[in-house]
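Trainee: Quick one: the structure is below, and I'll ask about it shortly.
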Amino acid sequence: MSPKTETKASVGFKAGVKDYRLTYYTPEYQTKDTDILAAFRVTPQPGVPPEEAGAAVAAESSTGTWTTVWTDGLTSLDRYKGRCYDIEPVAGEESQFIAFVAYPLDLFEEGSVTNLFTSIVGNVFGFKALRALRLEDLRIPPAYSKTFQGPPHGIQVERDKLNKYGRPLLGCTIKPKLGLSAKNYGRAVYECLRGGLDFTKDDENVNSQPFMRWRDRFVFCAEAIYKAQAETGEIKGHYLNATAGTCEEMMKRAVFARELGVPIVMHDYLTGGFTANTSLAHYCRDNGLLLHIHRAMHAVIDRQKNHGMHFRVLAKALRMSGGDHIHGGTVVGKLEGEREITLGFVDLLRDDFIEKDRSRGIYFTQDWVSMPGVLPVASGGIHVWHMPALTEIFGDDSVLQFGGGTLGHPWGNAPGAVANRVALEACVQARNEGRDLAREGNEVIREASKWSPELAAACEIWKEIKFEFEAVDTI
């Protein structure tokens with residue numbers, strides 16, 4: 001390099017390290033309608049000012065790095081950088097802050113949850129200047145959400161396919177989750193569907209193990225579906241889990257399900273990955289299959305209050321990536337879920353337009369425009385005594401799924417399904433007549449059990465079962 005070139009290269013470039021807040025903390029910034037907005041719960045290391053911590057998050061999740069680089073001069077950082085535009089303390093927590101960050105739309109590939117998350121929840125979560133970091137919420141602008149297909153079909157199309165209206169749908173996860181042969185598994189599916197359930201489900205652990213290979217399970221479950229449909233006159237389904245070790249194998253299983261003529265398949269979207277999930281969702285729309293989503297592994301990501309990512313973000317990501325159902329907690333069962341927080345992300349799954357409501361953990365107003373909605377699935381430790389509360393909490397556009405609460409019935413699988421269907425129909429009728437399920441729910445169940453021996457037996461066996469632990473996920 002000549003002396004002349006060296007002199008020219010040094011002009012306008014000052015090497016070294018400077019505070020992130022000098023570039024990435026911009027409290028005067030006015031957010032744009034096209035910006036992706038994020039709310040991070042930030043716990044800085046001792047001695048790190050909140051403005052520096054928030055700016056570091058904005059920098060490390062967009063254009064910044066630990067030192068000034070000369071190639072910054074080859075682009076417009078003001079156009080592409082993330083900006084921490086507001087910081088507020090978290091009430092009741094020492095040294096925790098909510099940092100609001102705005103990202104320009106051009107930072108992200110269209111239609112890719114994978115790329116979105118690689119930036120926003122990528123390496124920044126291991127940044128040493130932060131003791132902990134949690135992504136509480138995202139605002140997805142219509143300019144970005146319209147680049148996604150979203151759910152394969154959505155709530156209304158599913159109801160039309162099933163010809164079922166005016167009530168929640170009923171499901172059951174086949175138990176034991178592992179160890180049954182394909183034929184015995186299919187028998188349990190048939191008995192539950194014949195008894196009155198709309199769906200049965202593969203457990204998320206069920207893929208293609210030595211005791212039951214996937215193709216055998218698919219065939220016996222399809223036989224069970226058609227037999228139950230013929231006997232009941234209702235459309236039935238079983239969530240055939242297409243999750244596999246490779247995308248190619250996953251698609252092969254989905255294709256076989258379509259060839260069998262079944263209405264719905266299933267995917268574990270977090271363990272399977274967003275790229276695989278989006279590919280499957282596109283296939284399902286093109287081929288008329290509904291897509292049930294299980295959230296296995298979510299608690300590894302969202303259970304800790306100060307680090308990770310809240311489930312409402314994972315729920316938004318799923319709506320964009322694609323799924324017609326997703327598990328979302330029960331409020332009343334054995335799994336984590338505080339009522340207002342749960343209903344907040346349930347609305348984010350189902351509704352077209354959701355107003356900002358910090359009391360429910362919703363940090364931003366979200367407009368999904370025309371993207372179809374997703375049915376929330378309540379599953380985990382629920383039984384007939386929970387039916388009034390579930391009907392009142394989740395409303396008609398939901399799936400209520402009773403695994404042990406069906407298969408644990410003392411008289412067998414079909415009577416367990418009958419008990420749940422009777423309880424649901426009684427609760428829906430009582431609600432439609434103007435009765436208060438929150439106050440009169442137990443009485444509604446007792447009245448129905450007088451003419452349904454199956455329900456009476458279920459009420460007796462589960463009358464003492466409760467899961468009374470305080471929720472971790474609170475505001």
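A Cβ is built for glycine as well, from the same backbone N, Cα and C atoms used for every other residue.
Residues or ranges marked as active site, proton acceptor by Swiss-Prot: K175, H294. Per Swiss-Prot, substrate binding site is recorded for N123, T173, K177, R295, H327, S379. The Mg(2+) binding site feature in Swiss-Prot is assigned to K201, D203, E204. Taken from Swiss-Prot, the feature N-acetylproline covers P3, and the record attributes it to sequence analysis. The N6,N6,N6-trimethyllysine annotation in Swiss-Prot covers K14, and the record cites sequence analysis as its basis. The site 'Transition state stabilizer' feature in Swiss-Prot is assigned to K334; the stated evidence is sequence analysis.
Can you walk me through where each of these features ends up in the structure?
Mentor: Under the DSSP three-state reduction, K175 (active site, proton acceptor) is assigned to coil, being neither helix nor strand. Sequence-distant neighbours of K175 (active site, proton acceptor) (same chain, 6+ apart, CB under 8 A from its CB) are D203, G403, G404, L407, G408.
Just so you know, the Cβ of H294 (active site, proton acceptor) picks up 28 other Cβ atoms within 10 Å once every protein chain is counted.
Note: N123 (substrate binding site) has non-local neighbours E60, i.e. same-chain residues 6+ apart with C-beta under 8 A of its own C-beta.
Following the DSSP three-state reduction, the secondary structure of E204 (Mg(2+) binding site) is coil. In this view, E204 (Mg(2+) binding site) is surrounded by 22 other Cβ atoms within 10 Å of its Cβ, with every protein chain counted.
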Trainee: Give the distance between the Cα atoms of R295 (substrate binding site) and K201 (Mg(2+) binding site), rounded to the nearest whole Å.
Mentor: 14
Trainee: Pop the Cα-Cα gap between E204 (Mg(2+) binding site) and K177 (substrate binding site) into the table, whole Å please.
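Mentor: The Cα atom of K177 (substrate binding site) is 8 Å away from the Cα atom of E204 (Mg(2+) binding site).
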Trainee: Filter the recorded positions K201, E204, H294 down to the ones within 10 angstroms of H327 (substrate binding site), Cα to Cα, kept in sequence order.
Mentor: H294
Trainee: Would you give the longest CA-CA distance, in whole angstrom, between residues of N123, T173, K177, R295, H327, S379, the set recorded as binding substrate?
Mentor: 37
Trainee: With DSSP assignments reduced to helix, strand and coil, which class does R295 (substrate binding site) get?
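Mentor: It is coil.
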Trainee: Name the residue among the binding-site residues K177, K201, R295, H327 whose Cβ has the smallest number of other Cβ atoms within 10 Å.
Mentor: K177
Trainee: With a radius of 8 angstroms around the mean position of the C-beta atoms of K201, D203, E204, what other residues of the same chain does the Mg(2+) site pick up?
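Mentor: Here the nearby residues are T173, I174, K177, D202, N205, V206, Y239, N241, M266, H294.
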